[in-house]
Structure formats: structure tokens, C-alpha cells
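Here's the structure, in C-alpha cells; my notes come after.
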Amino acid sequence: MKSPVRVAVTGAAGQIGYALLFRIASGEMLGKDQPVILQLLDLPHAQTAVKGVMMELQDCAFPLLAGMFTTDNPEEAFKDAQVAILVGSRPRSKGMERADLLQANAEIFTVQGAALNKVADRNVKVLVVGNPANTNAYIAMKSAPDLPAKNFTAMLRLDHNRALSQVAEKTGTAVSDIEKLCVWGNHSPTMYADYRFATVNGQKVKDLINDQDWNANVFLPTVGKRGAAIIEARGLSSAASAANAAIDHIHDWWLGTDGKWVTMGIPSDGAYGIPEETMFGFPVTCENGEYKLVEGLEIDDFSRERINITLQELEEEKAGVAHLL
Ligand SMILES: NC(=O)C1=CN([C@@H]2O[C@H](COP(=O)(O)OP(=O)(O)OC[C@H]3O[C@@H](n4cnc5c(N)ncnc54)[C@H](O)[C@@H]3O)[C@@H](O)[C@H]2O)C=CC1
Ligand SMILES: O=C([O-])CC(=O)C(=O)O
């Protein structure tokens, strides 16, 4: 039996938490032979609700759930954590712009970055889900100077999965057969989902679709505004699909992708003209617990324009929180 992995999850009482914790405990994230200890964080007023979720986790009798606790203290929640999924933040409500969220959430991520810096396992894999995810991840990274910057990532996987499904529907193919798709930039409507390199059963997706008008005017807006469409329809932001994307992101980072491309928000090393440290969605492959940037892709004029738009938004978000760092 492997020794348990400590997984910290913030916002444990929230709707993403409810869709996420059971799947972590059942082994879908780190493998069906990997015991886990859940270290849950939420605000003081939410502790009773987290205890209710823990009662349900207990009632599932998951063989891989080796322990769990809840706390409102980040330094307790992140103690020795090997995986930290930072979900807790204020979600966007109907009519609210993401920029409005920036300020309120920035403060949360300076505190949590500092706590990770102090108490987490030195190889902790951090995934920021709470919006604005890229900038929150950047803040956490900058607040944790003693941890390697590469340990901090932001969730672009939901955009990636949304793009996969749209491409599969358009081409009448199976999502599982599509390879080499990626999403560049910010987790926001400016993200640039890019199927120029994608293949399905060896055929080029670009040739199968062969419709730049659909790309620019249907595909990109559909993927980019999907979160808002779900809020409009449900009255609540995406939760199950977001939790699923978080599982995919950590699963692939931990267990590898067998050479397949996935999208992760990672601190830039300067590649593709993205300034160093910018938390940016890039195509990566994962192996031996590390992600690796897919390098050397050609960036055409349309792509450069789209990448610049999402980069500019990230630079503005970064400037908006500079006084906190
Ligand atoms: N990156 C992505 O693709 C996606 C990100 N999101 C974001 O995920 C976040 C969470 O969404 P939901 O679970 O739907 O929200 P929710 O409101 O249902 O749950 C948030 C939870 O976080 C807790 N919380 C707030 N501040 C906290 C703090 N400082 N420390 C610990 N816990 C704290 C709240 O008490 C609450 O239990 C939102 O920011 C949302 O916008 C949602 C969907 C996709
Ligand atoms: O749009 C939102 O606020 C929630 C979110 O991040 C998404 O569904 O992509």
C-alpha cells in the first residue's frame, strides 16, 4: 500500500468542492491505488457545512480515504500538503464582470501563498481554480518566494475540455481521438483555443473544418463565453465541469499524459514572446510529475493577434494587483 498523499482543498463547502472531493477520495485524481488525506479549508462560517460534506465522505466508506479534517486556518490546511487545489474565492454572479472579482480575491491569494510558502511540502503541486484564476495563481506564486515558481499553476483545463467537445461536435468525431489541441492565455473570454495543430485519427482538424469564419465567429466565442452562458442558464457558475477539469489537471500532472498535449496555466519562461512569470495557458505534456512546455510551434498572424489580446488582459490584471505584492 502506498503512503497517503496530503491533498489540501480550499472552498471545501462550495459547489465546486462538492463536485470535487468525492472524486478525489475515490481515487479518480491520483490513481485507484493511491490513498489520500483531505485537508479542507473554508471560512469560519462555512465550517458546519464542511462538516456535513465530511459526514457524507465518511458515509461513502472510500477505501482510499486515509484521513480528513477541516479548518479555517490556511497554515493548518496546507501543512505538508503535496497537492493544493485553491478553489475558495468569491464566484462571479449574474451580470458581474471578472474584473470586479480581482480585488476581493487578490487578498485571499496573498495570504494563502504565504501559508503555502511556510508549511507546504516543498514539491507541492498547486492548482488555482478560483477566479480570476491566472492572476490569483500569479499572486500565490509571488507570495511564496521559497517554493519553486513552477509549482504554481492555473486552471485552463475547463477551456481545453470545452474546446475539445466543440471540435468533436463540429467534426463528428470522438473527443478521445482528438490530439494536439491547446488553449493560450487567460482563463477568460479572451483565451485563444487553437486547433491549428490538432489531429483526429491522423487527419488534420483544420482541414476537416476548413472554415476560418466558424473558428473566429462561432468556435472562439462559444468556448470563451461558455462560463457566462452557464451562469445565465443555471443561475450559478459551472461547478461539476470545473471540478472535472481540476481532476484532469492534477491527474495528468501527477500521473503523466503519455505524450498527449494538455493545457495548463503555467508561469512563462519567456517562450512564445510571453513575458517571464506571466501565468499563461500553454500546451504542455506531463511526465514523471513534471509538466513540459510544447516548444517551437508556429504562431501565425491571427494567432499572434489573439495571443496578444489575452496577454494584454493578463498584464492589466497584474498591474491591478501590483500594489499587493
Ligand atoms: N478556473 C476555472 O475554470 C473555473 C473557476 N471557477 C471559480 O471557482 C471559484 C469557486 O466557485 P464555486 O465553488 O462555484 O463557489 P462557491 O461560492 O460555491 O464556493 C466558494 C467557497 O469558497 C469559500 N471561501 C471564500 N473565501 C475563502 C477563503 N479565503 N478561504 C477558504 N475558503 C474560502 C466560500 O466560503 C465557499 O464555501 C469561483 O472563483 C469561480 O469563479 C469556476 C468555474 C471554472
Ligand atoms: O465564468 C465563470 O465565472 C466561471 C468560470 O470560470 C467558467 O465557467 O469558466
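Glycine is treated like the rest: Cβ placed from N, Cα and C.
Listed features, source TrEMBL:
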{"type": "DOMAIN", "residues": "5-152", "note": "domain 'Lactate/malate dehydrogenase N-terminal'"}
{"type": "BINDING", "residues": "G11, A12, A13, G14, Q15, I16, G17, D42, N105, Q112, V129, G130, N131", "note": "NAD(+) binding site"}
{"type": "BINDING", "residues": "R92, R98, N131, R162", "note": "substrate binding site"}
{"type": "DOMAIN", "residues": "157-322", "note": "domain 'Lactate/malate dehydrogenase C-terminal'"}
{"type": "ACT_SITE", "residues": "H187", "note": "active site, proton acceptor"}
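Locations of recorded TrEMBL features on the structure.
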residue: G11; record: NAD(+) binding site; DSSP (3 states): coil
residue: G17; record: NAD(+) binding site; DSSP (3 states): helix
residue: N105; record: NAD(+) binding site; DSSP (3 states): helix
residue: V129; record: NAD(+) binding site; DSSP (3 states): coil
residue: R162; record: substrate binding site; DSSP (3 states): helix
residue: H187; record: active site, proton acceptor; DSSP (3 states): coil
Rounded inter-Cα distance in Å - G17 (NAD(+) binding site), the residue listed as 'active site, proton acceptor': 19
Fewest-neighbour residue among binding-site residues, criterion Cβ within 10 Å, set Q15, N105, N131: Q15
Counts of helix, strand and coil residues, the domain 'Lactate/malate dehydrogenase N-terminal' (5-152), according to DSSP: 66 helix, 28 strand, 54 coil
Distance [Cα-Cα, Å, rounded] between G11 (NAD(+) binding site) and the residue listed as 'active site, proton acceptor': 19
Across the domain 'Lactate/malate dehydrogenase C-terminal' (157-322), average pLDDT on the 0 to 100 scale: 97
Cα-to-Cα gap, N131 (NAD(+) binding site) vs R162 (substrate binding site), nearest whole Å: 17
Of A13, V129 (the binding-site residues), the residue whose Cβ has the fewest other Cβ atoms within 10 Å: A13
Greatest C-beta neighbour count within 10 angstroms, which of the recorded positions R162, H187: H187
Recorded NAD(+) site residues G11, A12, A13, G14, Q15, I16, G17, D42, N105, Q112, V129, G130, N131, farthest C-alpha pair in Å: 20
H187 (active site, proton acceptor) versus A13 (NAD(+) binding site) - Cα distance in angstrom: 23
H187 (active site, proton acceptor) versus N105 (NAD(+) binding site) - Cα distance in angstrom: 15
Filtered binding-site residues, from Q15, G17, V129, N131, whose Cβ is under 6 Å from an atom of ligand 2: N131
Neighbour tally for G17 (NAD(+) binding site), based on other Cβ positions within 10 Å of its Cβ: 26
Cα-to-Cα gap, R162 (substrate binding site) vs H187 (active site, proton acceptor), nearest whole Å: 12
Cα separation, the residue listed as 'active site, proton acceptor' to Q15 (NAD(+) binding site) (Å, whole number): 19
